[in-house]
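Notes to accompany the following structure.
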Amino acid sequence: MKKPLHGYYFVVPIITFALWSACIFGLLGLWGTDGFPKYVNTDATVVFISDVGAAHHTYFIIFAVLSAVAYMATTLLERHLRHQRRIPGSVRKKQTVLDSFSVAFAIIGAIGLILLSIFDDVEYPRVHWSMTVVFVAGVALSVLMQTLQIFSLSKSHSDELWHLRAMAIVKSVILGVALAVLIVFIGCYATCDGDVTDGNSQCNRVVSAAGVAEWTLAFLLSLFFLSYIVDFWPAKKRADFGLTEKGDMVQDPSRAAEAGVDDRPTAPYAIARDMGPNHTHQEYMTQMSSEAPSMHQQPLREANHIGQAR
């Protein structure tokens, strides 16, 4: 039996992680291939990502744009999967709002990434660094909104408590470390305005520290992209099995008729769409149980209903 499409969605964050890693590690490798130079006289010993990106502009643009598009696709798929109940979805309006804001900020951050790669820091320094602020702020707010949403979801889905709570903690740690590194970057960068004058060894050390902080932030973003794989994994598991061991989670429409056999209730994502998002987990379960008898008598009609609900 062919696996449903949502069983493969976890590949999208893998692609996002791979593209962003190729961008950052590729630029680091290109800098090394060049002999770890200072591209301009005011560069520190450890240059900024933007400096390497300006020197290898085409490479930077290609992978930054691809990473941004993949990131937007990942966040949109995450919203889709939660809406369709392929992964634990919203049962409170607050959770939907947080997820929507997370997607919106991610798109803003992704657009900032595209623009900062196009407008390099040599020819367009003001635009470049302005878009860098948009990129960093957008991604940071997106991560914050998603983390708050997952913490809230963990209180509504007792059956997914461990998975949701663990991912919320992981994302919180990544965000906390990233914010600490960002503060270090801002402090070091502001001390010498990001430039090193001839013979100023102190500014060279300080600005180099800012460079290290910037590269570290980029690597941390790779870890955040990787965390989406775990977010999407329940969809793969449910697509693999079609039904849970109890037969109460119909994820494959070709198996939907089986939900009318014995005492199996209807597909929870179909019920959720009919009821709307602002209900508790127990209310969804009660509604599913109440519809089970009618499904026993008319499994084929219910199968069509579930297929349409998808």
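For all residues, glycine too, the Cβ spot is worked out from N, Cα and C.
Database features, via TrEMBL:
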TRANSMEM  7-31  transmembrane segment
DOMAIN    9-234  domain 'CWH43-like N-terminal'
TRANSMEM  58-77  transmembrane segment
TRANSMEM  97-119  transmembrane segment
TRANSMEM  131-151  transmembrane segment
TRANSMEM  172-192  transmembrane segment
TRANSMEM  212-230  transmembrane segment
COMPBIAS  287-297  compositional bias 'Polar residues'
REGION    287-310  region 'Disordered'
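It is 7-31 that, among the stretches 7-31, 97-119, 212-230, forms the most Cβ pairs under 8 Å with the transmembrane segment (58-77). The stretch in closest packing with the transmembrane segment (212-230), judged by the count of Cβ pairs under 8 Å and taken from 7-31, 97-119, 131-151, is 7-31. Across the domain 'CWH43-like N-terminal' (9-234), the model assigns an average pLDDT of 92.
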